[in-house]
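Visitor: This is the structure, below, for whatever I ask next.
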């Protein structure tokens, strides 16, 4: 590519978002804003409840607290930017803001993949080896591995963000997305992106493929153990302890597979429609999953529901 067309990324980027569909912007502004408020409220309440209720001082709820905090950070790194773009004619983002947004998005996404696999391991030990559970999942064990999940996610994000932002860019720095999504940013590069592609493939293997395999194997053993329980009531109780996590995993990875697994159209008219669909799916992926997590854990977990009721009752007594 002609390097004479290079532009300085320090000038910032233009985010297209839904610029081609202005009538949709106000509708989606209201919709995304409401969903973002639900995310903040739902995950905030879940964090508060698991901290205040001593009965929820267990590894599973410790990981759930981390997951809720992560979802708040993940959405806050992008949703305010998206909401602003719906109301602003000139949808620009500075280079430094783009770097921060990309870094946070990568870090939170990778960390969530690891956390979900750790939560699967927690359920595996609890159901398949209940007598060893207090030893295997002691505080001295689960706190360091949670810290490790954050550390690996942040490290991966530093690498991917550095490799992307060191590239020279061409044209007018227009990103065909709502945010600084790395694939959209790499399309602007004037240089060879082979190293970026290789590093992303390796990262996807570590943070997507391996956690999925680990979760799958864990649930194979979990289901096999549950099926060996003689009473129907015992099987129901055992499955209820992991049904919320399994639902969250299916929603999280199912959306990713749907986003990146569907075929691309070669017809220009269909390609435009698919481009809009891809943007909207990506947008809702960034807000729907974090919004559903606290709802799923509240509706499908009697301990969380009881803790919320107790918190509300204490609030009424103090008033």
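Cβ coordinates come from backbone N, Cα and C, glycine included.
Just so you know, TrEMBL annotations are computer predictions that nobody has curated.
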Visitor: According to TrEMBL, which of these ranges is transmembrane segment: 182-204, 205-227?
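Guide: Among 182-204, 205-227, the range TrEMBL annotates as transmembrane segment is 205-227.
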Visitor: The transmembrane segment (280-299) and the transmembrane segment (28-51): do they have three or more Cβ pairs under 8 Å, with pairs 6 or more apart in sequence?
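Guide: Yes; at least 3 Cβ pairs under 8 Å.
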Visitor: Could you name the stretch, out of 63-83, 95-121, 141-163, 239-260, 280-299, with the greatest number of CB pairs under 8 A to the transmembrane segment (205-227)?
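Guide: Stretch with maximum Cβ contacts: 95-121.
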Visitor: Check the transmembrane segment (95-121) against the transmembrane segment (239-260) for contact, please; criterion is three or more CB pairs under 8 Å, pairs 6 or more apart in sequence.
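Guide: Contact criterion met.
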Visitor: Under 8 Å for C-beta pairs, could you tell me which stretch among 141-163, 239-260, 280-299 has the largest tally with the transmembrane segment (63-83)?
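Guide: Maximum Cβ contact count belongs to 280-299.
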